[in-house]
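Student: Got a structure for you, written out below as structure tokens; questions coming shortly.
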Amino acid sequence: MARTKQTARKSTGGKAPRKQLASKAARKSAPSTGGVKKPHRYKPGTVALREIRRFQKSTELLIRKLPFQRLVREIAQDFKTDLRFQSSAIGALQESVEAYLVSLFEDTNLAAIHAKRVTIQKKDIKLARRLRGERS
């Protein structure tokens with residue numbers, strides 16, 4: 001049997017289009033609500049990582065000065081009334097407190113990562129303090 005030449009035919013692109021479900025059709029035909037655009041949102045964790053990088057780069061104090069000063073004075077009241085503080089003493093206390101807290105949170109984060117978690121918990125802080133030899 002001799003071969004015959006095939007002629008070009010218009011293709012329909014494969015499968016025939018399926019009928020839409022009633023719910024999809026209703027959703028598509030419903031008018032949009034005035035074209036109000038949703039505000040942009042970053043994926044969970046993106047902003048947190050950005051803040052971590054920003055605060056690790058910075059050197060300024062993160063706790064506000066006046067609330068910290070009030071707290072120091074309130075704690076000192078338990079030991080002796082009418083104590084006076086130099087502003088440099090409060091500043092030195094605040095520097096050391098923030099350095100302590102940052103290192104504690106670093107150790108706490110390592111404990112959480114060791115437990116295959118990304119969220120720090122109370123038990124991580126307890127473990128970090130116990131490993132440091134602090135009381136609790």
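In case you wondered, yes, glycine gets a Cβ from its N, Cα and C as well.
Owing to the predicted nature of the structure, the values given are computational and were not obtained by experimental measurement.
I grabbed these lines from Swiss-Prot:
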- Lys5: N6,N6-dimethyllysine (MOD_RES)
- Lys5: N6,N6,N6-trimethyllysine (MOD_RES)
- Lys10: N6-crotonyllysine (MOD_RES)
- Lys15: N6-acetyllysine (MOD_RES)
- Lys19: N6-acetyllysine (MOD_RES)
- Lys24: N6-methyllysine (MOD_RES)
- Lys28: N6,N6-dimethyllysine (MOD_RES)
- Lys37: N6-acetyllysine (MOD_RES)
- Lys57: N6-acetyllysine (MOD_RES)
- Lys57: N6-propionyllysine (MOD_RES)
- Lys65: N6-acetyllysine (MOD_RES)
- Lys80: N6-succinyllysine (MOD_RES)
- 1-43: region 'Disordered' (REGION)
Student: In sequence order, what residues of the same chain, 6+ apart, have a Cβ less than 8 Å from the Cβ of Lys65 (N6-acetyllysine)?
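Tutor: The answer is Ile90, Gln94.
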Student: Do me a favour and check the Cα-Cα span between Lys5 (N6,N6-dimethyllysine) and Lys37 (N6-acetyllysine); whole Å is fine.
Tutor: 56
Student: Specify the secondary structure state of Lys65 (N6-acetyllysine) as given by DSSP, simplified to three classes.
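Tutor: Lys65 (N6-acetyllysine) sits in a helix per DSSP.
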Student: Over all shown protein chains, what is the count of other CB atoms within 10 A of the CB belonging to Lys37 (N6-acetyllysine)?
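Tutor: If we count other Cβ atoms within 10 Å of Lys37 (N6-acetyllysine), we arrive at 5.
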Student: To the nearest whole angstrom, what is the C-alpha distance linking Lys37 (N6-acetyllysine) and Lys57 (N6-acetyllysine)?
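Tutor: Rounded to a whole number, the Cα-Cα distance is 35 Å.
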